[in-house]
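If you check TrEMBL, you get these features:
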- A:30-147: domain 'PurM-like N-terminal' (DOMAIN)
- A:Asp32, A:Ser47, A:Asp77: Mg(2+) 4 binding site (BINDING)
- A:Asp32, A:Asp77, A:Asp217: Mg(2+) 3 binding site (BINDING)
- A:Asp49, A:Asp131: Mg(2+) 1 binding site (BINDING)
- A:Asp49, A:Asp77: Mg(2+) 2 binding site (BINDING)
- A:His56, A:Asp268, A:Trp321: substrate binding site (BINDING)
- A:Gly130, A:Asp131, A:Arg155, A:Ser219: ATP binding site (BINDING)
- A:159-303: domain 'PurM-like C-terminal' (DOMAIN)
- A:Asp220: Mg(2+) 5 binding site (BINDING)
Protein chains: 2
Amino acid sequence: MLAEFDLIRRYFMSSQEASTASNGVTLGCGDDATLLIPPAGQQLAVSVDTSVVDVHFPREAPAFAVGHRALAVALSDLAAMGAASRWCLMALTLDQRQFADDEATHAWLADYARGFHTLSQQHATTLVGGDVTSGALSIGVTVMGEVPVGEAFTRSGAQVGDLIAVTGALGGGAGGLALWQQGERDLAHPLLSRYLLPQPRLAAGLALRGLATAALDISDGLLSDLAHLREASLVGAVIALDALPLADELESTLGREAALRAALSGGDDYELLVTLSANDLATAQQRLASLGLTLTVVGHCCEALGVSASDQSDLSGYAGWQHFSGDAP
Amino acid sequence: MLAEFDLIRRYFMSSQEASTASNGVTLGCGDDATLLIPPAGQQLAVSVDTSVVDVHFPREAPAFAVGHRALAVALSDLAAMGAASRWCLMALTLDQRQFADDEATHAWLADYARGFHTLSQQHATTLVGGDVTSGALSIGVTVMGEVPVGEAFTRSGAQVGDLIAVTGALGGGAGGLALWQQGERDLAHPLLSRYLLPQPRLAAGLALRGLATAALDISDGLLSDLAHLREASLVGAVIALDALPLADELESTLGREAALRAALSGGDDYELLVTLSANDLATAQQRLASLGLTLTVVGHCCEALGVSASDQSDLSGYAGWQHFSGDAP
């Protein structure tokens, strides 16, 4: 058993050592701690996210997706700050008894590491520390990024009159989960891909610097996350239901009502929810278009606290998101 | 269930907000990420450690000790670098079904948080981020500290002729575990205290700056951890068995042979193992004495690779440490 754990340690260490020289790392994994050169004149943005089997992802999810997803959801928090990602630490807890034999363990670990590394390399994020322990499958990822002093997005900067906009499309996380539960296993399916291989919007976060007045990432559903922003900014919100950008194939798969529900109160989308002045909208949309991403206005901030639909629809029936839960009581 | 999770979020947030202004934190828990002001002219030392129930600590361990211990073992890695601790992030995974009712959950969480915070305050370490999820009990702690450029201890700096020394006393972790398994539950017992409430040697690490040529913390047992140092530094080691500083009551509790085994190959001691020039020993001992701590020479580095006992005892029978494992196969 320990041999496998040593193996993944080496696997993770060797792949990160190649990139350390270029990313402010003076002493990589393998000592008691890693030494980093912090960015001059910038603030460090740090966050931690834990992904637990049967809670955040299904036990049978492909190992590649498990590795990708654990890092993606953590990076999404940096995106929501407008921070550039630099470093991460990964604490993997693994129950080797879930595998038939050492070969199965090895295959799982290699696939998991490939998912994690592929994404970390896409976002120039160096793995600078890790821990591998034995126990129920769970991955804790700490991410560290940088942002110029005073330029980070918070949740509290939205002003009355600001537009409310979202990157990309909504409802794909919930739609993908529904498909997974119906037995769909093809990761190339656009909805399943949205659920199991979410893309952290780091480039969008950088592009929106100086434009967004507040931001967060949509992990628990638009309405739930918007509530955090409303409360922090002391504003109300009006949402235009017919403006919601629905994920590809969502409506055709689930039908209109369930698709709307997925977009409003589904979770695991990991798109950015931002507020911005109407004057900055065109600039923001141009910048995101150059990244191949849309920015869709879905409402605006108003003085009256609370949230309502512009067409007077009743929003009270859209409950919050509970993630995947395979064996919840 | 969520109410309890919200509760601990608030508990942890409120207690850290009071100290944020003084420790480089510009935006605390509650946003997507926390913004930190990195130390100018210093390197950041970062590390992550996961503590898993039934692997690293017994399921019935007092919640106070679980919180203390999870942070302590992570801080110990900063101590081994000679770094000053600044910040930490805590990812708590908790299975509420292990508790009889909400009141029991609440009591456990309050006690756990008290253990964590008491230690974090002792070491001026601000909790700057966290995540609370549902699953098998496990705590991942990321620690961040600072150290002047070039002054961190590594494992690779030991020279032939250097003395090998340890802080405090050895064998207490293994002795305490043995007592726990025999039914002892009094945390005031010196051995049980060593096992469940280890003290990270951060002050000792700072005091040894400029003196230690290499360092690490003893988590897996003296011989195992010394092997890492020997391999990284390309030196051999000679150990004087009769010089080993045994934890209080260790020999009287376990007998001479088992006490020696606990000191050599027991784990969970979290003392520092350092190498230093004989010329610096008196200074190092004086500095540690002012902290109420001993520094005991237990051997020296030699040219011939491998490890041997100065009295020619056979060291080959002392196996490595496997931590606590309540239900290992």
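Cβ atoms here come from the backbone N, Cα and C positions, even for glycine.
Feature map: TrEMBL annotations on the structure.
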{"residue": "A:Asp32", "record": "Mg(2+) 4 binding site", "Cβ within 10 Å": "28"}
{"residue": "A:Ser47", "record": "Mg(2+) 4 binding site", "Cβ within 10 Å": "28"}
{"residue": "A:Asp49", "record": "Mg(2+) 1 binding site", "Cβ within 10 Å": "23"}
{"residue": "A:His56", "record": "substrate binding site", "Cβ within 10 Å": "23"}
{"residue": "A:Asp77", "record": "Mg(2+) 4 binding site", "Cβ within 10 Å": "29"}
{"residue": "A:Gly130", "record": "ATP binding site", "Cβ within 10 Å": "21"}
{"residue": "A:Asp131", "record": "Mg(2+) 1 binding site", "Cβ within 10 Å": "22"}
{"residue": "A:Arg155", "record": "ATP binding site", "Cβ within 10 Å": "23"}
{"residue": "A:Asp220", "record": "Mg(2+) 5 binding site", "Cβ within 10 Å": "20"}
{"residue": "A:Asp268", "record": "substrate binding site", "Cβ within 10 Å": "25"}
Count the Cβ atoms, other than its own, that fall within 10 Å of the Cβ of A:Ser219 (ATP binding site), considering every protein chain shown. 22
Treating G and I as helix alongside H, and B as strand alongside E, what does DSSP give for the domain 'PurM-like C-terminal' (A:159-303) in helix, strand and coil? 65 helix, 30 strand, 50 coil
Return one of helix, strand or coil for A:Asp77 (Mg(2+) 4 binding site), based on DSSP. helix
On a C-alpha basis, identify the one among A:Asp49, A:His56, A:Asp77, A:Asp131 that is nearest to A:Asp217 (Mg(2+) 3 binding site); the candidates are the binding-site residues. A:Asp77
So what pLDDT does the domain 'PurM-like N-terminal' (A:30-147) average out to? 93
Candidates A:His56, A:Gly130, A:Arg155, A:Ser219, A:Asp220 (binding-site residues) - the one closest to A:Asp77 (Mg(2+) 4 binding site) by CA: A:Ser219
The domain 'PurM-like N-terminal' (A:30-147): DSSP-derived helix, strand, coil residue counts: 41 helix, 47 strand, 30 coil
Of the binding-site residues listed as A:His56, A:Gly130, A:Arg155, A:Asp220, A:Asp268, the one whose CA lies nearest the CA of A:Asp49 (Mg(2+) 1 binding site): A:His56
Quick one: give me the count of other CB atoms within 10 A of the CB of A:Asp217 (Mg(2+) 3 binding site). 25
Taking every pair from A:Gly130, A:Asp131, A:Arg155, A:Ser219 (the record's ATP binders), the biggest C-alpha distance in Å rounds to 32
Would you list, in sequence order, the binding-site residues among A:Ser47, A:His56, A:Asp268 whose CA lies within 10 Å of the CA of A:Asp220 (Mg(2+) 5 binding site)? A:Asp268
Argmin Cα dist to A:Asp268 (substrate binding site) over the binding-site residues A:Asp32, A:Ser47, A:Gly130, A:Asp131, A:Ser219 returns A:Ser219
Near chain B: which of the binding-site residues A:Ser219, A:Asp220, A:Asp268 have their Cβ closer than 8 Å to one of its Cβ atoms? none
